[in-house]
């Protein structure tokens, strides 16, 4: 029998062709269903939305290799933006969210955007933490103290940055934010445009706590200071490296605000004269604290198809070598809460500890109040935005 | 009866055919089978999903109450009231000012280059085109960061001048001029290539005839070159104007926010301010501004002429 070629078979029996096509289509559809079922399991993938550092290959590559897992990471520069994205439905996208402390307890968990962790698995790991974060640490727990909302790792004080060759840290500690707001400091500093942090520090400079409702009188004082801060700045930037570069090349002497992480890389690179300084005196209602201390809370997103690798990743972050990699991720160096464990501390050299100002870290943290949600944020932020737009 | 006569009989006997009544369904079927319709389906779907749908969401959000995240609310004009009561006009003015300056500079820079590429360099013009288009393969942010390192105090320019000539320069960044420089640099190809298209539409014989009739260079430029290249010039200017009006990175990276452009205000509303409706309202105003400008200009430009269909 003469064998048919493909074209002949196509021409001679359309019914046969249709049957074959239908079978092929069914096969493709079935394989699609199978692959979507495999996707649903998501054992080989994990997505993380985080501040810079956790998205570095230094942190993620060992995890990828060990768990044979595809990890996609996206960096963020705004807590509120990340919260909004989760609210808008991105809980389907992300497995891990890494934000500053208050968001988890005050907004993400009450709105059902993150999932509690298994306390039995994570409480023993808390033994590694420094005493300031001892179990049960407020910002890692739900309001009722029942649920563990995430892990605490990187932390730091936020005040202002200064080149100590130009202005001594002691002078800045004594004079406080007034030094930056004085006319003779005009054009000598940059404003780090992490909006909510600018708002918080200007409110504290104006003598009131940003973490409660603000009176009209306070708002008026805040506006005067905010406009002065913006108008007198050499430049405004959300690029902390550009600010550090400006301090190194001498085009500016400081930054308002600024945290240890903003200059830690530059300090390790031979510029120990760049320093984060927290003024000594703040509003009485904040216990005289002038700075704001932040601790990142890394949580599991309430993803309907949460990757099982999410919990693995959080446990992986407690390993001493991972703690060091998170602490010294590319471009930004920070202390980590797990430095309460001697195995973690042993991994840091004296130069590395000095990069994030370990000598004054505890003292600086004690001069700070905890980062919190700002109830009058809209009004305060509107004034900030208008000041930037109307910059003289 | 032969075949011919038989067919003639058949013709005679046949009743005159009535014109078939074309129903709406038939017309629809014909339209769907039309190759033009079929060819337009992919781009139409892309247009609906990628442009119209998000645009509709933005427009709807603009009329939602401030600081809300749902479209299922009573519409309001509060966002527009708040925008007009505030100083957002400053950002619009800055954006329009920078867009106008950028377009003017690009017109002056790109026209001679376009003429050279079409009339002087001949085949080598395409090499120049590749060289000029090459930066498009590198992300804007990276190119701008490169310029930042080039212009910053102690960077390539000021460092070199200080090292070899003892000239101390301050930072050349964080000014209106630095922002403008960044915009001109980034958007140059978007002006140049439509302009090259426009210049290539000028028939050389027409220019020769004008010269033969005694026209001066200036007269040829004014009465032949520019009018005939005008469609390309207008398209380039319009593309650049709209892109610059919506730009943000140049003002942030090179400008140090010395100038706040409207796109930065929009970004802030969507991010730090957590106010999607106001961000949407600002976007609607920007889109309306760009749309009005495009409409006004396209009334004067015949796209068919540009694409050689006339």
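Each Cβ is built from the backbone N, Cα and C atoms, and glycine gets one as well.
Note that TrEMBL annotation is computational and uncurated.
Through the fold, the transmembrane segment (B:37-63) approaches residues 31, 71, 75-77, 79-80, 276-277, 279-281, 283-284, 287 of its own chain, all at least 6 residues removed from its boundaries and within a Cβ separation under 8 Å. What TrEMBL lists as transmembrane segment is B:37-63 (among others).
The feature transmembrane segment is assigned by TrEMBL to B:83-115 (among others).
Under the heading domain 'ABC transmembrane type-1', TrEMBL lists B:92-297.
If you look up TrEMBL, you'll see B:127-152 (among others) marked as transmembrane segment.
Residues 98, 101-103, 105-107, 109-111, 113-114, 117-118, 129, 132-133, 135-136, 140, 143-144, 147-148, 151-152, 157-158, 229, 232-233, 235-237, 239-240, 243-244, 247, 249-251, 253-256, 258-259, 306 of the same chain sit 6 or more residues outside the transmembrane segment (B:172-197) yet have a Cβ under 8 Å from a Cβ within it. The transmembrane segment feature in TrEMBL is assigned to B:172-197 (among others).
According to TrEMBL, the feature transmembrane segment maps to B:228-248 (among others).
Summarising the annotation, TrEMBL assigns transmembrane segment to B:280-298 (among others). Listed by sequence, the residues of this chain that lie at least six past the ends of the transmembrane segment (B:280-298) yet keep a Cβ under 8 A from its Cβ atoms are 55, 58-64, 79-80, 83, 88, 92, 95, 234, 238, 241-242, 245-246, 262-263, 265-266, 269.
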Long-range neighbours of the transmembrane segment (B:228-248), counting only residues six or more past its ends (CB under 8 A): 95-96, 98-100, 102-103, 106-107, 110-111, 114, 183, 186-187, 190-199, 201-203, 206, 261-264, 267, 286, 289-290, 293-294, 297, 300-303, 305-306
